[in-house]
């Protein structure tokens with residue numbers, strides 16, 4: 001029970017000696033938590049006449065909202081696109097392991113797969129709150145199979161699909177029930193895509209544009225139909241051209257609906273996107289930038305051969321390829337590494353680098369009142385970082401769920 005008599009009596013935690021990311025600034029303030037939410041200390045003092053039950057010294061660290069990864073295909077040997085009998089245990093393993101990288105919520109992502117895989121896997125990945133068991137699941141991200149053959153990247157060509165006469169019925173026949181789905185990536189140039197975008201957004205599902213040869217006009221029309229996201233900007237789309245900038249042109253388009261905000265994913269792993277391209281995107285539209293890992297099952301495993309859905313992936317150093325080719329196949333960089341690389345590559349502020357992994361994905365999903373923020377009343381999901389942005393501890397609902405070895409001393 002939140003806010004009632006039980007809530008008033010619940011213990012109050014006060015995190016001291018810290019800098020809090022709030023309102024796009026790092027503030028030297030304490031963070032107050034009760035019942036898993038951020039507390040307004042003035043109300044505590046003046047209305048309840050209470051003080052903290054427990055104080056925790058943060059040693060001068062930064063407290064930022066927990067990171068949110070809206071595109072992660074698996075990790076640590078787990079492939080979300082594999083139709084096993086116990087998909088849930090794999091999701092749980094990844095959810096637990098990504099805590100050490102500051103991720104408190106995520107969208108397990110499935111790459112292009114045959115219908116029987118979606119029908120078996122999707123019911124096994126329900127939305128789930130985070131906690132000591134691991135990061136919370138916000139819903140599944142379905143990347144494909146309604147994408148371009150020319151820009152399929154690491155997606156298997158044999159399982160790509162287009163929209164048939166009854167477009168949305170074809171979507172339902174492919175995926176099955178959409179109850180656990182939060183994001184769908186599709187190519188807007190496919191016939192009947194606009195009715196699909198409208199039907200998905202009417203159900204509260206975020207539509208993302210990607211793996212596409214769409215020109216700018218097609219991309220703008222998709223946004224006018226309800227699309228709000230771009231999947232891994234620059235990758236698997238037409239390159240920027242001065243006469244028709246393609247999907248990339250959405251960052252500065254003047255033909256978007258009034259009040260519509262376009263977000264775009266960036267893989268800042270040092271491989272997928274040149275630092276100059278990162279800087280161009282950031283300077284063109286900083287408030288729409290969403291850091292994603294696009295991590296594959298090989299995350300955390302090192303060199304060798306691994307899977308990604310129906311494909312085999314080969315990891316060589318810091319790069320993952322479709323086996324036997326030079327086609328990039330997702331990333332093996334965790335979110336905290338992406339945040340640090342993005343900061344270094346763009347020269348942006350620490351505040352913006354952290355918001356790109358927290359506030360912006362929360363805004364994309366319409367969760368900014370609860371997630372991606374340390375405002376009063378929000379969920380107490382946060383990460384403790386040192387000045388070089390290495391994760392020292394991770395908290396979900398005010399509970400310590402991971403701590404670096406050095407911080408335990």
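Even glycines carry a Cβ here, placed using N, Cα and C.
Record features (TrEMBL):
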ACT_SITE  294  active site, proton donor/acceptor
BINDING   143, 211, 232  Zn(2+) binding site
BINDING   154, 235, 236, 243, 272, 328, 329, 330  substrate binding site
DOMAIN    62-401  domain 'Amidohydrolase-related'
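Sequence features, as recorded in TrEMBL, placed on the structure.
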residue	record	Cβ neighbours (10 Å)
143	Zn(2+) binding site	29
154	substrate binding site	23
211	Zn(2+) binding site	29
232	Zn(2+) binding site	25
235	substrate binding site	18
236	substrate binding site	26
243	substrate binding site	6
294	active site, proton donor/acceptor	29
328	substrate binding site	21
330	substrate binding site	31
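Cβ-based neighbour count (10 Å, all protein chains) for residue 272 (substrate binding site) stands at 23. Put simply, the two farthest-apart Cα atoms among 154, 235, 236, 243, 272, 328, 329, 330, the recorded binders of substrate, are 30 Å from each other. Comparing CA positions across the binding-site residues 154, 232, 243, 330, the one lying closest to residue 294 (active site, proton donor/acceptor) turns out to be 330. Residue 272 (substrate binding site) sits 9 Å from residue 232 (Zn(2+) binding site), taking the C-alpha atoms as the reference points.
Over all protein chains present, the Cβ of residue 329 (substrate binding site) has 27 other Cβ atoms lying within 10 Å. Those same-chain residues not listed among 143, 211, 232 yet with C-beta within 8 angstroms of the centroid of the Zn(2+) site C-beta atoms are 71, 144, 147, 153, 155, 185, 208, 210, 231, 235, 236, 294. Residue pair residue 143 (Zn(2+) binding site) / residue 154 (substrate binding site) shows a Cα separation of 11 Å. Of all the binding-site residues given, namely 235, 236, 243, 328, 329, those whose Cα is no farther than the 10 Å limit from the Cα of residue 211 (Zn(2+) binding site) are 235, 236.
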